[in-house]
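What TrEMBL annotates here:
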COILED    86-150  coiled coil
DOMAIN    13-73  domain 'Homologous-pairing protein 2 winged helix'
DOMAIN    154-210  domain 'Leucine zipper with capping helix'
Amino acid sequence: MSKARAEAAAGAPGLLLKYLQEQNRPYSAQDVFGNLQKEHGLGKAAVVKALEQLAQQGKIKEKMYGKQKIYFADQNQFEMVSDADLHSLDAKIVALTAKVQSLQQSCRHMEAELKELTSALTTPEMQKEIEELKKECAGYLERLKNIKAATNHVTPEEKEQVYRDRQKYCKEWRKRKRMATELSDAILEGYPKSKKQFFEEVGIETDEDYKVTLPDP
């Protein structure tokens with residue numbers, strides 16, 4: 001056992017007696033160990049030994065609760081509390097509980113507000129963002145001005161003619177591709193080699209060779 005652990009074990013009875021008197025509620029040895037070991041460095045064996053020693057000396061009380069012992073302060077050392085005092089304490093508990101709930105609610109609101117403020121832009125960041133947006137808007141205005149000043153605008157009639165020409169050429173493309181496919185399929189029925197070899201020998205180039213896709217009608 002280390003020196004620090006030995007010193008903690010030696011002072012355990014006094015520490016546990018004070019703890020049980022202050023808390024004035026029943027605890028198992030495991031409860032006391034869990035509550036105090038981190039702060040005071042007590043081992044479980046030292047806690048059990050100290051509690052049993054205090055009980056044997058009559059300084060605390062012990063009772064069997066199921067299969068485990070519980071320990072609590074000797075109630076004879078405390079003054080008798082009247083019903084009026086109990087009612088007063090109950091009222092204080094209710095008031096304090098309400099206050100705690102109100103404070104917890106306030107804390108949640110403040111945490112939400114803090115999170116929102118933390119994620120928001122700072123004043124310098126916002127000023128920089130505004131300047132960048134102004135520059136971007138100025139660029140768009142300049143482009144719009146140039147577009148309006150241009151003399152080579154396409155008229156609605158010219159635009160419609162382009163669409164009609166596109167439809168005509170795509171229709172012809174589709175027609176010729178179907179004719180070429182039907183013709184090559186007919187030849188391939190009696191051709192001894194593969195389709196790829198036939199295209200290479202004849203010198204046929206397909207849309208796929210040039211990664212070209214026929215537009216939708």
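A Cβ is built for glycine as well, from the same backbone N, Cα and C atoms used for every other residue.
Those TrEMBL annotations? Automatic predictions, nothing curated.
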Local confidence of the prediction over the coiled coil (86-150), expressed as mean pLDDT: 89
DSSP residue counts for the domain 'Homologous-pairing protein 2 winged helix' (13-73), split into helix, strand and coil: 36 helix, 14 strand, 11 coil
The domain 'Leucine zipper with capping helix' (154-210): DSSP-derived helix, strand, coil residue counts: 44 helix, 0 strand, 13 coil
